[in-house]
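Student: Before I ask anything, here is the structure I am working with.
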Amino acid sequence: MQIVVATHNEGKLVEIRRILEEDLGADAENIELVSAGSLHLPDPVETGVTFQENALLKARAVAIRTGLPAVADDSGLIVDVMGNAPGILSARWAGAHGHDKANNALLLAQIEDIPDDKRTARFRCAAALVVPDTETGADVTGGVAADGITVHTTAADGSPAPVHARYAIKSETVELGDMPGRIIREARGEHGFGYDPLFVPDDQPAGRVSTEPDHEGEPLTSAEMTPAEKNAISHRGKALKALVPAIEALLH
């Protein structure tokens with residue numbers, strides 16, 4: 001069975017495949033994960049106001065066009081003292097989408113005067129599985145589900161354009177995962193992306209501490225962990241693992 005991961009980032013596809021294969025076990029052999037990018041599908045406009053809504057929007061956009069089950073995730077950083085910001089705006093907090101250094105610099109400036117014990121935060125991920133109804137089909141513009149959210153992509157002139165739905169939606173599942181921790185005052189580590197160099201998770205790998213100069217012996221940031229160490233505790237790992245029963249149900 002093919003399942004489409006709603007991303008154009010092949011690195012994310014590899015990460016999601018690794019996480020799911022660990023829990024699917026032998027069932028993993030019966031699933032082929034492909035990316036939306038490899039199918040030349042456009043990115044939908046993320047008009048949701050929560051991680052759950054945006055994850056569903058991305059998965060719906062793929063499922064209603066391809067007739068294949070689709071998995072998508074949406075994630076970001078929630079800083080308690082900032083009223084849960086940057087939240088769904090995490091990737092474009094400083095303005096430009098995906099500009100990690102600018103986002104990190106702005107975040108540090110905004111909480112510069114906050115004492116260490118008040119710099120609590122958490123990464124949150126919503127992971128969605130949308131299954132299309134390939135028997136009924138559809139011939140409508142706009143992938144509308146029970147909550148009334150319509151899927152749009154971007155037209156040539158930059159305006160939102162409703163997605164033409166070739167298939168109706170049969171079922172939807174969305175799960176949440178959190179990784180609690182705190183924000184430190186300077187970046188550490190070479191792995192990961194986004195805010196990983198500033199984030200120290202509460203859960204730490206046994207027997208491992210930072211070896212960075214002036215920080216020897218301190219807990220690791222997400223960016224100092226190996227991919228396997230991070231996946232074992234990550235928000236994305238928790239959310240995707242919670243989706244596994246719904247994915248297994250498609251096979252049996």
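Every residue, even glycine, has its Cβ placed from backbone N, Cα and C.
Marked as active site, proton acceptor by Swiss-Prot on the basis of sequence analysis: Asp74. As annotated by Swiss-Prot, substrate binding site applies to Thr7, His8, Asn9, Glu10, Gly11, Lys12, Ser75, Phe193, Gly194, Tyr195, Asp196, Lys230, His235, Arg236. Summarising the annotation, Swiss-Prot assigns Mg(2+) binding site to Asp74 and lists sequence analysis as the type of evidence. Marked as region 'Disordered' by Swiss-Prot: 202-229.
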Student: For the region 'Disordered' (202-229), what are the same-chain contacts with Cβ under 8 Å, counting residues 6+ beyond its ends?
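Tutor: Distant Cβ neighbours of the region 'Disordered' (202-229) are 15, 18, 123, 179-182, 184, 187-192, 195-196.
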Student: Could you count the residues of the region 'Disordered' (202-229) that DSSP puts in helix, in strand and in coil?
Tutor: 6 helix, 0 strand, 22 coil
Student: Sorry to bug you, but what's the C-alpha spacing from Asp74 (active site, proton acceptor) to Thr7 (substrate binding site), rounded to the closest Å?
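Tutor: Distance between the two Cα atoms comes out at 10 Å.
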Student: Go through Asn9, Ser75, our binding-site residues, and report the one whose Cβ sees the most other Cβ atoms within 10 Å.
Tutor: Ser75
Student: Mind checking which of Gly11, Gly194 has the fewest other CB atoms within 10 A of its CB? They're the binding-site residues.
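Tutor: It is Gly11 that, of the binding-site residues Gly11, Gly194, has the fewest other Cβ atoms within 10 Å.
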Student: Looking only at C-alpha atoms, tell me how far Asn9 (substrate binding site) is from Asp74 (active site, proton acceptor), rounded to the nearest Å.
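Tutor: Cα-Cα distance, Asn9 (substrate binding site) to Asp74 (active site, proton acceptor): 13 Å.
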Student: Taking Cα atoms as reference points, rank the binding-site residues Gly11, Gly194, Asp196, His235 by distance from Asp74 (active site, proton acceptor) and give the first.
Tutor: His235
Student: What is the total of other Cβ atoms whose distance to the Cβ of Asp74 (active site, proton acceptor) is within 10 Å?
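Tutor: There are 27 of them.
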Student: Can you check which residues sit near His235 (substrate binding site), meaning Cβ under 8 Å from its Cβ, same chain, 6 or more apart in sequence, and list them in order?
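Tutor: Ser75, Arg122, Phe123, Arg124, Cys125, Gly177, Asp178, Met179 - these are the non-local Cβ neighbours of His235 (substrate binding site), listed in sequence order.
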Student: Among Thr7, His8, Asn9, Glu10, Gly11, Lys12, Ser75, Phe193, Gly194, Tyr195, Asp196, Lys230, His235, Arg236, the annotated substrate contacts, find the widest CA pair distance and round it to a whole Å.
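Tutor: Per the listed residues, the maximum Cα distance equals 22 Å.
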